[in-house]
Each structure stands twice: as structure tokens, then as C-alpha cells.
Amino acid sequence: MASAVLSSVLTTASRFALLQVDSGSGSDSEPGKGKGRSNGKSQTLGNKATSNEKKREKRRKKKEQQQSEANELRNLAFKKIPQKSSHSICNVQHELSSPNPAQKESREENWQEWRQKDEQLTSEMFEADLEKALLLSKLEYEEHKQDYENAETASTQTKGINKKDKRKNHQGKDKPVTVSLKDFQCEDHISKKAEESNSAQTLSHDGGFFNRLEDDVHKILIREKRREQLTEHNGTDNSPAPEHNQEVGLKDGRIERLKLELERKDAEIQKLKAVITQWEAKYKEVKARNGQLLKMLQEGEMKDKAEILLQVDESQSIKNELTVQVSSLHAALEQERSKVKVLQAELAKYQGGRKGKRNFEPDHCR
């Protein structure tokens, strides 16, 4: 909207640039003429004087244009209607009275250009306002969506209550029913909510509501443009060729703007696609690294487990061998013990027999 306002300011400021200021030209040219008549100078001096006068007029025009532009900008900034000065009105009347065909043609061309610019600006501003209104309506609908849902539930409840009331009324038609003020207000509030819920349901069920609304807005714009063209045609007896050219120019300008927007959006999409591909490549790399790390960890764990199991098996086999050796040694020890006992018994017998023989021999000698 700010850009539209600035553009409108520029257009209004530049309109007054087309007006010529001839108020001081007469006063400055008259003494020159008098001097030429009185003194009777040559043509060269007259040309120089006219060139100087033209330069002065140009300077004055520039100053007046700058002043008018500054005043209009001030008035627009403080929301005041720009008041045309009497000096500018006199200049306009003087220009209209001067019958110069070249100036008339240039004015008509400039007028047509400014009219085209004004129409384009007004149409763009109107479309922008309509788009804003559509967006606001969408936002309001989204904000009040839950309210509509609550209203739907309330409407279902009210329907059930109304059915019960109807049954009661059918049963007792002759009996007058008294309703309190609170109940009456509640019923009105519930009925309003039910109407709002019904409208919300129609909006929610109709998915293409906003699309149809945009189409209607486009149709309205086209109708208004046609009406403006017809009014201009009736007011000013001009041929329909420039109007058609204006329509074509407006359409071409819109098409070019849309093409530029599409190109810009396509470039943004391409950039986003490139970023997505980069992130996908990085994601795949990270995934592959994680898979390799997981495999390495699993292999390390399996190796550790296998080594531990081998050590356990070896220790178990060593234990079995040692138990076998111990059992065999224990059996050999028992055998040796039994042998020792037998030998001890034999030795004891042998010693006892020798003692008896020794005792028997001396007795026999006596």
C-alpha cells in the first residue's frame, strides 16, 4: 500500500509538470518588444533576447513545479486536499486560450498517458484491497472455527430441546405456556448461534468458497473496467481504439508482472531443491557412517564373547583333566596305603616269630 501511495503521489505531482506558466512571460517580453520598436535593433539581438527570455521562463517553471510538488506532498502527508492556486488556474486558462496545435497534441498524448497510469494504479490498489479483505476473511474464519464447532454442538442440543418442546405442545395445546425472560434470551442466543453454525457448516462444506469468491472479484473488476470505459466513451467522444489499446497494455503489464513473479518463485524453488539434495546427501553419508559404526561395535562384542567362551571351554577341559588325574592319584594312594598295611602286618608277624624262636632256644639249652 505504501508503494501505491508513493506512486500516486508521484503521478499527481507530475501532472502539474505539464502545465505551462506564462504569467510573467508577457511582462518580460513587452519591454523587449518596446525596446525593439524604439531602438530598431537587428534580428540577432532579438533572437538573443528571446533566448534569454526562454531561459528565464524555464527557470521560473522549474521553481513553480518544485513548489507545487512540495505543497502537494505536504498536503498528502497531512491528509489535506491539495488546493489549486489562482496563479495555476490563470496559467491553465491562458494555455487553453492559446491555439497551438502542437501543444494540443502533446497535451492530449500526455493526458492519455496519465489517464492510463491512473487507471492502472487505481485497479492495482483496488485489487490489493480486495486481496487484503479476502485474507482477513480467511483469518477471521480460521480464528472463529472453534466457535462455529461449539455452535454446531449447541444447535444439535437446541434441536433436541425444540423437539421435546414440540411434543409437549402437541400434548397440551389448550394449556398456555409461560416463558421466563432468561429462557427467552437464552433461546434467542442459541438460535443466533445455530444460524452462525449453519453458515459455518456451509462454508466448511463448500471447499471452493474462497476460489469462487476470487472469481467473483475478478468478474467485478472486469465489469467495473467496462463501465469506466463506457462512461469515458460516452463523456468524451473518442474512438474505441485507444481504450482497447489501454486494456491490452494493462493486460500485458499484468502478464509481465506475473511472469516475473513466476520466474522469481521458480528460482527460489530451484534453490530450495538444491539445498534439499545437499541435505539428503549429508543424511545418507551420516546414515552409512552410523551403520558402519554399529557393525564394528557388534563385531567387537561378538569377538569378545567368542574369546571368553573359548577361555571358558579351555578352563573346563583343564579342570576335567585335573579331576581325572586327582582321582587316579587318589586310587593309587589308596592302593599304596593298603600295601603298606599288609607289609606292616607281615612285618609284625615276622618280628613276633623271631622273638619266639629266640626265647625257645635258651630254654632248650638250659
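Glycine is treated like the rest: Cβ placed from N, Cα and C.
What you see is a predicted model, and the numbers here were worked out from it, not measured in a lab.
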Phosphoserine according to Swiss-Prot, picked from SER25, SER42, SER51: SER25
Listed residues SER23, SER88, SER97, SER191, with the one flagged phosphoserine by Swiss-Prot: SER23
Position flagged as phosphoserine [Swiss-Prot], chosen from SER27, SER38: SER27
Listed in sequence order, residues with CB under 8 A of SER106 (phosphoserine) and six or more positions away: none
Folded-back contacts onto the coiled coil (326-353), same chain, C-beta under 8 angstroms, at least six residues removed: none
DSSP-assigned states of the compositional bias 'Basic and acidic residues' (104-115) in counts, ordered helix, strand, coil: 12 helix, 0 strand, 0 coil
